[in-house]
Amino acid sequence: MKGRQVRLREAHKSGSPALCSAVWAPGGQHVVTASAADTAVLIHDAAALLAGGRGSGVAPLSTMRLHKEGVTALAVAPGPGGSLASGSIDHSVKFYTFPEGEFQSNVARFTLPIRSLSFNKKGTLLAAAGDDDGIKLIATIDNTIAKVLKGHKGSVTGLAFDPRNDYLASVDSFGTVVYWDLCIGGEARTLTRVAPTFRSDNSVRNVLCWSPDGHTLAVPGLRNNVVLYDRDTGEEVSTLKGDHEQPVCSLCWSPNGRYLATAGLDMQVLIWDVKSRQDIERQKFDEKICSLAWKPDGNSLLLIDVRGRFGIWESVIPSTMKSPTEGIPDLNSTRAPLFDDDDDDDYGKPRTSCGLEDDIDESLCDSTPFSHKRLKRKSTFDGDSEDEDLIHQLELSKRMKDKHKDKKEDAGKARGDSASSGRLVTAKMQAAFQPGSTPPQPGMRNFLAYNMLGSITTVENEGHSHVEVDFHDTGRGPRVPSMTDYFGFTMAALNESGSVFANPCKGDKSMSTLMYRPFGSWAGNSEWSMRFEGEEVKAVALGAGWVAAVTSLNFLRIFTEGGLQIHILSVSGPVVTTAGHGDQLAIVSHASDCLPSGDQVLDVKVFNISERAQSLSGRLLLTPSSQLSWFGFSDNGQLSSYDSKGILRVFSSQFGGSWLPVFSSVKARKSEDESHWVVGLDANNIFCIVCKYPQSYPEVMPKPVLTLLELSFPIASSDLGANSLENEFMMRKLHLSQIQNKMDEMAALGLDTTAYDDEAFNMEAGLDRCILRLISSCCSGDKLIRATELAKLLTLEKSMKGALTLVTRLKLPMLQEKFSSILEERMLNDKKIAGAVGICSNATITRNMPVLTPHTTLPSKFGQNGKKIDSSLPILNPGNQESSLIEPKKPDGEQARGIIGSDLKGSPAFTSLAKVRKNSETKRDRNGASNATIGDKNKGGMDQIVAEKMSTEHCNQTEPQRPFNPFAKSSSGKEQSPSLLDSIKKMNVGTEKVEKPNSKVKV
C-alpha cells in the first residue's frame, strides 16, 4: 500500500547535502530541527505544521543561534517540559529550556566535532560523543562528567540508552557496535563491522535504536537490510530485508515496538511490520532522508532530508492494522541492584547503585517534567533529596577504585552468577566462517577465499554477483574464466584442482547450493552442483580428489571430484570451520555452549579420507576471551590455528598431542594499531597481511601485500639476554621432532626413509651449533648448571668435545670436570651399543680383519653412486684394553646406508636396536662432520676457539693419545662426499636468507 505523499517544507537552507536532525518533544506538541549547514536550532509547533501546506510560511516558535558552526546532534530529555541539548561542529554541547528555547548552560566542550547525543530514560544522564576519543556521560544535575567510555577507534555517530537502564549502545563510522554495561561502566560486548560505512558522505551517519521494551537493538545491516540483535547476548535475532536498494541510514521504532521505520540512501522510507518481517508502507523522496522520529503517542512520523526540508507523515499505519500506540510496554519495574548496600554499617552513607544512574532520583518518574533549573534549586534546598545523593554518588564514583575493592570483587562475582538469571548472558557461540574470507561490503569486492595458492573474489551487482578466481603465480596456466553467480555464494575453497562454492538459504523457499568447478578436465561438462532441502551448507573444504561440506544438520557430506556422494557422517556439534590438505580433512565444531567467562569450547577432528580413518580428535585450544580467526594446514601438513588475540598455534605430537604457540601478533607488530590477517605458513614463516586499525581484514583493491614474519615462540625474558638463541633452540627442536615423527610413520608403513636422513642430520647439526652458543652465553653469565643441562642435549660427539674445549679455554674447572664425565659416559655407552650391534651381526664381524696395522686397509666398498670409497682405518690405541672390536669406517650419506644396510637389513635384532638408539654413531660422526658443527668462524669469540680446536683434531686424527674417531675423513685423494662443514655453510646461507625480517612480496 502507498499512502498520501508527504509534503516537506524548508527549515534550514543548504547549498549542498548536509546532515540534518529532527526530534519530537516528549508530549508530541513540538518538533525540533537542526542542520550541519546552519548554526540555528529551531523549535516548531507540530499542530501548525500539520495545518499548513508545502512552502507555507509557518514561522518556528523559537530560534537559537548560539553555536558558532553547524549543529550535528539534538536530544530532548524525557517528560513534558524537559531540557533540550544540542551538539555542534564547534565542539560544544549546550542546554536550553524547552519549549521556550532559553539558553541554560554549556554542558561540556570537546576537542573535535560532536556527532551524537542521547538522554537516558529519566533524563539524569546525557551521553555525548563524536570525533573525540571516548563517550562522555554527563550528569545533568550539575553538568559534571561522570564517566568516559573508551573503546571505539572511529567517530561515534549513534548513541541509544536501553529503556531498562542497563546498557548504552553505540555505533561508529566503521560499523562497529558496542554494548556498554552501565553497571560496571565498561564494554559488555562488541559487534565488529556489522553496520555499513558511508566513507566520505557526511550527510548521513550510522545509527541504532532500542525497541521500546528494551529487548532488541535495531542496527542497519551490510546487505541493505536491518538486523535486530538481542539485548543480553548480542546475538542476531531477526533480519528485515525488503526493497531498499542501498544501505539504511536512519531508523526508529513505533511507540509499541510493533513497527519500524527505515530510510535508505535510495531515498525511500519503508514502514515494517516487525513480527511478519514485511514492509507495509513506503514513500519515495527527491533527496535522502537523514533523520526519522516517531511521535511518542501517535501515528505520525517526523522526517527531514539532507537539504534541510522536513515534514510529518500522518497516519503511517493504516487503520486496518493494529495502532502503533496500542500496547505500549510498561517499564516501571526495576531490576535488583548488583551492589547490596543495606548493611547497618553503611547507614547514613551515600548509597552506591549498580549503575551510574540506576535507582536514583526516584522523584523523576515518567509523569514528572524534567527541568534543568528545577533540579539545581532542589539540590540546593533539599539536603535529604535523592538529587543530593546523586551529587555525592558521582563524587564517590571517582574514588571508587581505591576505596571499594572488596565491593568490586563482589560485583564481579554477582555478574558471573547473574548469567543464569538472564541479566548478563555469556557470549554467544561463534558462527561458522570460511578461512581466508572477508565480510561483504555494499558495492565492494570481498574475498570468498584467500590462501597460499590464490584468491576468489565476488561483488554484488544488480541482483547477482560476479565471481573471479586469481592465482598468485600468474604463470601457472591459463586464466580461470569469471563466473556470474545467481545463487549468492558466500563461501568458497580453492586448491590446485578446482574451486568449490556454497550459499546459505535465503528464505523459506530457497535451498542451499553446493557447486564444484574444476580448473581442468578431460571431460567437457565436469562442473556439478548439489541442492540441499531442509539444511544449508555452513562450511566447505577441498582435498586430493574429494570435496567436503558441513551442513546445519551437523552432517559431513563428502563427494568425489566428479560429484559422487561417497560418505555422509555426523559431526559432534555445530561447525565453526573446515580445512583440507591432501587426504586430510580437519573440522572444528562446538563442543558445548560458551563457558561463563565467555570462552569458546571447540573440538577438532582430523579425518584421512582415502583411508577412511580418524587421525586426531581433541580440544582446540584458544586464548581466553578469544575466537577462532583462521584455521588450516601449513605447507608441510601441520595443523594450525590462529585466534582473535593474535596467537598462532601448531599441533605437535609432543606430550601425547599438544598445541604449541609459535607466533604472537602482539609481539610482532610495530604499532598498537597493527593486526595480522593470516594467509598460511610454512616450517619457518607465517604469511600474513598487515592491517591498520580500523581495518581488521584486507580489501580486494588495492591488491594486498603479503608479509613474511618468522615464527617465534613467546619466550619469557631470559636472565641471559639470549632470547633469540633460546627461540632458535626451541624451533630447531620442534622441526627435528617433526622430521623424526615423519620418519617413524614411514618406517611403520614399511616405506623408505632415506630422503629424510640428511635433513634430520643437518637439523641435528644446526641444533648442536645453537646449543654451543647457548653454553657460551651460560658460561659468560655464570649459569653453570644450565650449561651442564645444555651439554647433555648435544647430539654429535665432536660437539661435546668442542664444548669441553670451550670450558677449558674459559678456565672453568668444575664445568670441565662435568663435561668430561658426560663425554666419557657417552663414549662408553656408544661402544657398548656398537659391541651389541657387532655381536648381533655375524656378517659384519667375519668381514673385519682380526689384526689391523696403521697401514692396513679394508676392502673398498661401492656406494650407490657406483664410485669406490677408500676405507683406510688406523689401529686403535694399544693401551686401550676396552677396545676389542675394530669398527670399519662408515661412509657418509647414502654410502653408509649402502654398506651397513646391505649387511644388517635382514637382522631383526639390529632393526629393533636401531629404533631405540636414535643418536647412533652413524648420525653422530658421519662425514667427520662434528668439526663443521662448531666450525662457523663467522660467529667469532668462543665459537672461533671451538672451531680452531676442531681443526687441530681433524689434522691429527691418527695421533694415538687422542680418542679414536673411526669415521674420520680418509686421506685418500679419491673423490669423496661433501663434508658437513660445507653442508652447514650452505645451511647458514639458507638460514640468513630466511631470517631477513618482514620481507614483503606482492601477490
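Backbone N, Cα and C atoms are what each Cβ position is placed from, and that goes for glycine too.
Whatever TrEMBL says is automated annotation, not expert-curated.
Per TrEMBL, compositional bias 'Basic and acidic residues' is recorded for 407-416 (among others).
As annotated by TrEMBL, compositional bias 'Basic and acidic residues' applies to 918-927 (among others).
The compositional bias 'Basic and acidic residues' annotation in TrEMBL covers 992-1003 (among others).
Positions annotated as domain 'WDHD1 first WD40' by TrEMBL: 9-312.
The domain 'WDHD1/CFT4 second beta-propeller' feature in TrEMBL is assigned to 432-715.
Per TrEMBL, the feature domain 'WDHD1/CFT4 helical bundle' maps to 724-827.
TrEMBL lists 321-360 (among others) with the feature region 'Disordered'.
Residues annotated as region 'Disordered' in TrEMBL: 395-423 (among others).
The feature region 'Disordered' is assigned by TrEMBL to 869-1003 (among others).
Over the repeat 'WD' (149-182) the predicted model carries a mean pLDDT of 91. If you look up TrEMBL, you'll see 149-182 (among others) marked as repeat 'WD'.
Sequence-distant contacts of the repeat 'WD' (241-282) (same chain, at least 6 residues past either end, Cβ-Cβ under 8 Å): 1-3, 196, 198, 204-213, 216, 218, 220-226, 228, 288-297, 301, 303, 313, 316-318, 321-329, 442. Look at TrEMBL and you will find 241-282 (among others) tagged as repeat 'WD'.
With helix defined as DSSP H, G or I and strand as E or B, the repeat 'WD' (241-282) counts 0 helix, 23 strand, 19 coil. Across the domain 'WDHD1/CFT4 helical bundle' (724-827), DSSP assigns 88 helix, 0 strand, 16 coil.
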